[in-house]
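Let me begin by presenting the structure, written as structure tokens, before commenting on it.
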């Protein structure tokens, strides 16, 4: 009996054949599902602590396995042998690599999108995404080299549990002590915990925003549901899990990635997307980013179509059916129809045709609503964080260029050139800055405050009540007032749909 048969006849056997092993697996799954939410008890801070503790352990264990168990001759034979490079001509390996990259990116992006306000404040969104991509490539290649180097000689298992089989089989064939396979299994377990934490954090963060302090109750309910689903899948053996891993998840990963890119680039529009990123980063977006956005959907659909073609030919040649794949496509079609119906119903138009046409246009709530207001607010917020009394010299040249680009696109929001207006309530552009080295005798700068005055708050008074944390402030451009309820009936009064500008949060969501 080899390692794969050993797992299939014990822990991964169907419930009708080995019920006692399923009971053991159910207990372990229950502990994991209810232990992991505890590691996210305080959400962002708990996740940071978990990653700081678990990540070095994984790196240390991987280094120990590489130093003491790896065989460089195996790696050299793999790299030099043409037989091992032959699978590169098959669509399966390319599609598997693509799905793995998408899953890794989406797992990390869930955390980055949810915590974007605290991450992008100190970094560039372009370099962050580039760093994520490079990290995925390096970790993918290093993990392949690691498991191949310690796997020993002989044929490798390619099933759903290939890593577990490789650890067990190599330990038996190489006659290693029990400590080494335990370390290898621990490495797999800790890696899985980090993956699950990264997946659960955006869900729990959304629950916290919707339900407040009751999010832990919903988290426990979701853990109970996850335990029940996992046990029900394992009760059927590896067949159902293999179908999910080989057919359902790959199609869903590619589909969601394509829909996301198409929605941003072709519906929201590459022009407004580049303007938003220009606003966030302060520099122009290079042209190769646009080329990448336009070509990625074609690349994803091309590789997936190549894989589906070979899969259908192999299946029909063997007389098999692909009912799971058909079920996935039917489910995707139903979800798309339902979501499209909801989006069309929400449009404020008069008939069905205009509602459908409006649903394919970007919403006015997407992107930064008022670039100049948010830019000046961020400048003042930087001063307030450092407890400085010196006003920030706001450079409006960059954002004048952005507003001019909006003028070129006939954006009605900026047709009223309120920045250079001669209205008696509007300050002149020269009076938008005040720094210490300006002569106070100059009458132009006497008693001139910032365009949107934000009072400096000491660090001891920055904590707010829960009900005031996400209150959207009112802005009156005519009176240069920001924050709190303002009773104003002027035509320049509006509400900025962002978190409280006096709070220490920065929203960079596009």
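Note that Cβ sites are derived from N, Cα and C of the backbone, with glycine treated the same way.
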Checklist line | Matching range for TrEMBL feature annotation, transmembrane segment, among 92-113, 158-179 | finding: 92-113
Note to self: Below 8 angstroms Cβ to Cβ, which residues of this chain, lying six or more residues outside the transmembrane segment (321-345), approach it?
What the structure shows: 243, 247-248, 251-252, 255, 311-312, 315, 352, 355-356, 359
Notebook entry, point to check: What else in the chain is close to the transmembrane segment (51-72), if you only count residues 6 or more beyond its ends and a Cβ gap under 8 Å?
Noted result: 146, 149-150, 152, 174, 176, 180, 183-184, 186-187, 190-191, 193-194, 197
Margin query: Under 8 angstroms for C-beta pairs, at least 3 of them, ignoring pairs fewer than 6 apart in sequence. Is the transmembrane segment (20-39) in contact with the transmembrane segment (214-235) by that rule?
Written below: yes
